[in-house]
Amino acid sequence: MPNPSILILPGDGIGPEVMAEVRKIIAWFGDKRGLRFDVSEDLVGGAAYDKHRLPLADETMAKAQEVDAVLLGAVGGPAYDGLDFSVKPERGLLRLRKEMDLYSNLRPAQCFDALADFSSLKKDIVAGLDIMIVRELTSGVYFGEPRGIIEEGNERVGINTQRYTESEIERAARSAFELAMRRGKKVCSMEKANVMESGILWREVVTRVGKDYPEVGLSHMYADNGAMQLVRAPKQFDVILTDNLFGDILSDCAAMLTGSLGMLPSASLGAPMENGRPKALYEPVHGSAPDIAGQGKANPIACILSFAMALRYSFDQGAEADRLEAAVEKVLADGVRTADLLASEGVEPVSTSQMGDAVITALDASI
Ligand code: NAI
Ligand code: MG
């Protein structure tokens, strides 16, 4: 069997800085745990534009289709703000998501005890929080036709269409139930079946798919109530399954329950490849942070935790993913903080590479 393959796309701004720390961690798993990966690296976003005048070269796209997992840093930055829409750095990321058909976007909201004070909610509401939002990513109102701005009588009308096929709902639902099987065995599906036909179909299909997973408890909630419940009592949830639009909003809301943008990983998964692994792209939720780029201040944890998700969802290394997450937890509990995690004066922040090194030290201590 060949080693599993990873394509690293560091991108722009702090992307290369946080990815350098992930490279150390990948090397650690090779040296100390015998988990060897074939790692290649390429350009995306502004970095790709500088070389190819395109935010993602065709060769890079082809490579992304072949590897077991893509790890992406971040794209964009002020240097590229004036570019034509068609070659903007963000288009590189959109092309990856679209051509790899990554329909299931996983956004965990997990509260590390050491950071519970960081939440905008009371500590006891978020301490120990561990939920996963599964957002359908390739359909729904962001893509549905007809769309546009048309003239009607003497005014203009803006139109977007929420549209979901049964198969689109089914594959997103399966991905949520599969996840729940590895977690707390609960799925809460959120739509607005009270006012939207697409929501009625969503609920029907999710209920049918749920019959294949008798061990998983399924509940349904209207998305507006879901938003309320997320800030009232988020720990009631395990996996939340929702569509593209509601998921965009609910996942941002859930993310902020846990503190800094520098802590938030994500995975986008598609259909299984021939080897049984899903097509997969892992990336931190944050952007290229031009305000701190090049200063060694970026928090690499979001990117490190994205690699932990890769270990779990692409490489079937759940125990090693747990090990990496525990190492991050340990470092935070020891009080190691990048600047974005400093709640009070008087604590010296560590640099990006010092944070990466601290995680490595904690990993060493775990074996
Ligand atoms: P951003 O996420 O880059 O930054 C927002 C704020 O959070 C900034 O103050 C930044 O310093 C801070 N921050 C973000 N990540 C951090 C980290 N790891 N450690 C410490 N602090 C961190 O979002 P913003 O400023 O709206 O966008 C900047 C650029 O990034 C834009 O060009 C935007 O288009 C792009 N972007 C790219 C994304 C991606 O690659 N997936 C996602 C969001 C934005
Ligand atoms: Mg958003």
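A Cβ is built for glycine as well, from the same backbone N, Cα and C atoms used for every other residue.
Any TrEMBL annotation is an automated prediction that lacks curation.
Features of the protein shown, as given by TrEMBL:
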DOMAIN    5-359  domain 'Isopropylmalate dehydrogenase-like'
BINDING   77-90, 287-299  NAD(+) binding site
BINDING   ARG97, ARG107, ARG135, ASP224  substrate binding site
SITE      TYR142  site 'Important for catalysis'
SITE      LYS192  site 'Important for catalysis'
BINDING   ASP224, ASP248, ASP252  Mg(2+) binding site
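Location within the structure of each feature annotated in TrEMBL.
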residue : record                         : Cβ within 10 Å
ASP81   : NAD(+) binding site            : 10
PRO89   : NAD(+) binding site            : 27
ARG97   : substrate binding site         : 16
ARG135  : substrate binding site         : 26
TYR142  : site 'Important for catalysis' : 14
LYS192  : site 'Important for catalysis' : 19
ASP224  : substrate binding site         : 13
ASP248  : Mg(2+) binding site            : 17
ASP252  : Mg(2+) binding site            : 13
ALA289  : NAD(+) binding site            : 23
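Following the DSSP three-state reduction, the secondary structure of ALA293 (NAD(+) binding site) is coil.
Neighbours of LYS297 (NAD(+) binding site) among the recorded positions ARG97, ARG107, TYR142, LYS192, ASP248, ASP252, defined as a Cα within 10 Å of its Cα, are absent: none qualifies. Neighbours of ARG107 (substrate binding site) among the binding-site residues GLY77, PHE85, PRO89, ASP252, ALA289, defined as a Cα within 10 Å of its Cα, are ASP252. Long-range neighbours of PHE85 (NAD(+) binding site) (same chain, six or more residues apart, CB within less than 8 Å of its CB): ARG91. Filtering PHE85, PRO89, ARG97, ALA289 by Cβ distance to ligand 1 (under 6 A) retains the following binding-site residues: ALA289. Proximity to ligand 2 (Cβ under 6 Å from any of its atoms) holds for none of the binding-site residues GLY77, ASP81, ARG135. Most buried of the binding-site residues ARG107, LYS297, judged by other Cβ atoms within 10 Å, is ARG107. The recorded positions listed here (GLY77, TYR142, LYS192, ASP252) include LYS192 as those with a Cα within 10 A of the Cα of ASP224 (substrate binding site).
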